[in-house]
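Per TrEMBL, the features are as follows:
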- A:49-83: repeat 'PPR' (REPEAT)
- A:182-212: repeat 'PPR' (REPEAT)
- A:213-243: repeat 'PPR' (REPEAT)
- A:244-278: repeat 'PPR' (REPEAT)
- A:346-380: repeat 'PPR' (REPEAT)
Amino acid sequence: MPALRTFALCHQISTLSTVNLNKTINTFIGHGNLEEARKLFEQSPHLTNIVSWNSLISGYFKHNNTQQAQYLFDEMPQRDVISWNIMLSGYRNANNPDKVYRCLLHMNRYGDDRPNGLTFAVVISSFLHIDFKHLIPQLHGLLLRLGISLNVFVGSALMRGYIDLDDYKGLARVFYEIVDKDVTPWNVLILGYMKSGFTSEAQRTFDIMPRRNFFTWSTLINGYIENQKLNEARYVFDKMSEKDVVSWTAIIRGYVQYGDFMKALKLFKLMLNSGSTRPNHFTFSTVLYACAGHSAVLVGNQVHACILKSGFPLDVVLLTSLVDMYAKCGDIEVAFCIFESIHVKNLVAWNSIIGGYARHGLAERAIQEFERMLKSGIRPDVITFINLVYACGHGGLVEEGERIFNSMVTEYGLKAEMEHYACMVDLYGRAGQLEKAEKLIEGMPFKPDVVVWGAFLGACGLHSCIELGEIAANGIYTLENDHPAVYSVLSKIYGDKGVCSDITGLDKLMKKWRARKQKAGSWVE
DNA sequence: TTAGGGTTAG
């Protein structure tokens, strides 16, 4: 009997200690002190249980140390479904769907435990927007076979999956199968209807749903904006009795998207005056974009001051928005100073400053920044090269532009897109090398669009070249048979060349093109 | 573990 008592006592102590050990490990992890947690873990192997292992692994994932997490996981004497789910969500958060997939296969083959609802929710959400999404219906089948009921988590994730696959029947089916729906699946249903363009279905869902939250409102607002129904979005926004920062940002962004920068800025002012909602990073970036679009440097200055006053830490996105705003509003030097203050400059930040110099016609400085960017180890993308070729075109650096354009393909393995060709045509055109521009268009791997033809036509206008101008006009005609700019450029060329007497010929051409004299398109400078 | 908003070109 005493022996049994001793055993029970020991057992109690050891259980207690294990609980305490795990608590301490978690406290260390919570304070970001993984080393101490690990030390404690290694010092007391007799006290550790599966929970200690799981805590430590999850701690490594939280601190972005996936390698250690995987290493510990491999060493585990025994794993439960929680261990697997920690691995899956760790890799999902690390944006590594490949590993999620392999981990899932592994679990299926060797796991001691079966997957549960959480397993599927995590896996499905990490398969969204990528090729793995095609596995989602199979996962759906698998979880039904395993008898896992569709709770709001798995169900909502699955609904997202079917939206991603444009399978709206699947979406509705899952929605009806979810037991004990809370507001989330309703929100996802609205999202799905909006994504497929069924705005009235979305509205009907909104009207009949039992409860709504901020997500509901902003999903509806964004849906209307995506479907080009800004007025409806505004109507819904105005109906909100209590507006949160997300819906404010969304509606401001809506106006920005439609080019109504003035209204966007007015709304921002209204937001500040409302006193109830404070702007955040997202709002500021959006508003700065509006300032840039409207060349409203004074408002931009005020927003800048507002950001500084608000005490938000200036992250790279916000700083890039500032760089872009100042560059577009004409103050490239301030833009550069702010750019220099960015500690870790990413590709977008570099593109902004290079684009800024390009627009200011400072081709050498654009190239200089490009070289600095390369030295800092950032790889250029297609946008970098659009900016660079544009810069060379506006700075008269024809050969440099050619070299850069070619290096994009040969050195950086990027594919030249329509925009690059348009910039190159513009570059040759400005320099008066119209034959080269024509040759380039002929050799393009795809049919030129209206921007390419427009650049060419503009150049022909600039250099008063009738024959090539007519080729350009014809090119545009095949795409848009009554572009107004064609008329104004051609009549300029004919005028320059003194072929005014041929005005009846032009009239014929005009009839043929059914062009009307309207405001000239802005792509012809 | 599920559902909303941000930066570069066009």
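Cβ atoms here come from the backbone N, Cα and C positions, even for glycine.
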Item to check | Three-state composition of the repeat 'PPR' (A:244-278), taking helix and strand from DSSP | outcome: 27 helix, 0 strand, 8 coil
Checklist entry - How many helix, strand and coil residues does the repeat 'PPR' (A:49-83) contain under DSSP? => result 26 helix, 0 strand, 9 coil
Item to check | Across the repeat 'PPR' (A:182-212), average pLDDT on the 0 to 100 scale | outcome: 96
Item to check | Helix, strand and coil residues within the repeat 'PPR' (A:346-380) as assigned by DSSP | outcome: 26 helix, 0 strand, 9 coil
